[in-house]
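Let me begin by presenting the structure, written as structure tokens, before commenting on it.
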Amino acid sequence: MKLYRGFSNLSLHAIYLIFGVIISILILNFLFDFQKGYYPVYAIGTLFFFFLSVLILYTLSSTSQRINEKYILISLIMLCFIIKFCWVWFIRIEPMVDYAKFYYTAVDLSENHIIQNRYVALFPHIFGYSLFLSFFLKIFGPSYMLPPIINVILSTISLVLIYFICKKIADKRIAIVACLLWIFFPSQTIYNMFALSEPLYTTVLLSIVALMIVIREKLSERLITFGYSVVLALLLVFMNMSRPIAAIPIIALAIWFFIIDIKHIGNKKILVNKIIILVTVIIAYSFLTTLSNHYISYRLGEEIATVPGYNIHVGFNMDSYGQWNQHDSDLLYYYNDMEELSANDVQRKMLEEAKNRIFHEDINFFKLFYAKFLFFLGNDDAAVGYASLVLDHPFRLQLLSNVYYYSLLLASLLGTFIVYKKKERSIVIILCLYAIGLTMGQMLVEVAPRYHYSLTISFVILASIGIIRLGEYINLKFDKKIEKD
């Protein structure tokens, strides 16, 4: 048991250290990127915004302690909805490129039971969000404004879930700060303009995290946790249908349950219940995933691809540093034009091409992964780029997005240090593991900046911890100084 506890402590430290290193690399790259345009503005703006945020958010959260929690939550919900809604209402954009694929697939699904769409069969994660959107299109009819309004509602639901999670981790003040960080998050607000899956699967991810908290609290109640485990599996399948990354929270749950949260040591009932929960989740998830794949194949009229061969092939392209490129896209369509190949066959051909690239081409893996890492997490202004056609001052919004993002990273690094010192074994570990897992996963496949959208919830929650604790420290020092004077 002593050895097991030692391994648990070592793993706990390793997770926080890896998460802290990820943030530290991003901050150091930002601080020492002297070639960056308007570097002084970014550097000074970030530091100024960070300390201003600590001052304002700490003061607001402390003042709110005297207000009824129900009114606080209602106010946060209303503020979130109004800000997000005003943005999408007054600044509109028609679906283009990937966003058009989501939207028009949803329109097709709302009008037809079976559709012919080889592209969706090649990339079945498009189906998940499009199916979700199609339910609303069937009720309200086709409208470019429907996806943004749904995204606003999803963002508001996410706020409630963030509040719940933070209350369970710490207290009301940290929950309020996290919600305010979410409300005023520039890129998150801008992304709501588009027909994209990120707001949906991030809301589902937050629901998964919240349900994990509830399951852990009721570990001794076997029947109830069994039911929750099935619901958790359903949420994971729904998430996987929108973005195939459900394996990350499943692995994170296993690590948290059996390595980090060691309350089962010396308690056989808790250990057995944990095993039942995890086995139930895995079996139910596997079964429901198979059903969902058959359902998607049925709605598309052909077998869907089950391997991400193309994405892996692109992910190891040294010339494009793992980003979309015309050459790899042409190769995909070359195989796709072969009538004898199904969508799954095409992706398997691309997987063979990926293996050939990995094992036979001259790839500098360190250089490739570092470039992909920075492209994935190095900036937060991609949303502005996507919306630049309808924005009056895109550069100012790029500046604001990145200053806000790096201020958030600074606060998140501080929050990580605090939970590391406390040896925090709560759901915070899941948030860190998800961020680490998603980052590692992106090193293996095609990378794009918007794919870090769901990861920002980890930054938001840890940043709220950092802001409150730094505010308390400054307040304590200030009070001591006054007493001396």
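Placed from the backbone N, Cα and C atoms, the Cβ positions cover glycine too.
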Under TrEMBL, the annotation transmembrane segment belongs to which of these stretches: 94-114, 451-471?
451-471
Would you kindly check 12-32, 71-91, 119-140, 146-166, 223-239 and say which stretch has the most C-beta pairs under 8 angstroms to the transmembrane segment (427-445)?
12-32
Folded-back contacts onto the transmembrane segment (245-263), same chain, C-beta under 8 angstroms, at least six residues removed:
4-5, 7-8, 11-12, 15, 201, 205, 208-209, 212, 216, 219, 236-237, 239, 270, 274, 277-278, 281-282, 285, 425, 427, 429-430, 433-434, 437-438, 441
State, in range form, which of 12-32, 119-140, 146-166, 403-420 has the highest count of Cβ pairs under 8 Å to the transmembrane segment (173-194).
146-166
Based on Cβ pairs under 8 Å, which of the stretches 12-32, 39-59, 146-166, 275-296, 403-420 lies most in contact with the transmembrane segment (451-471)?
403-420
Output the single range from 12-32, 119-140, 275-296 maximising the number of Cβ pairs under 8 Å to the transmembrane segment (403-420).
12-32
For the transmembrane segment (119-140), find every same-chain residue at least 6 residues outside the stretch whose CB is under 8 Å from a CB in it, and list them.
101-103, 105-107, 109-110, 146-147, 150, 195-197, 200-201, 238, 240-244, 293, 296-297, 299-300, 302-305, 310, 332, 336, 342-343, 346-347
Quick test of the contact rule: Cβ under 8 Å, at least six residues beyond the ends. What residues does that give for the transmembrane segment (275-296)?
124, 127, 215, 219, 222, 225-226, 228-230, 232-234, 236-237, 240-241, 246, 250, 253-254, 257-258, 304, 306
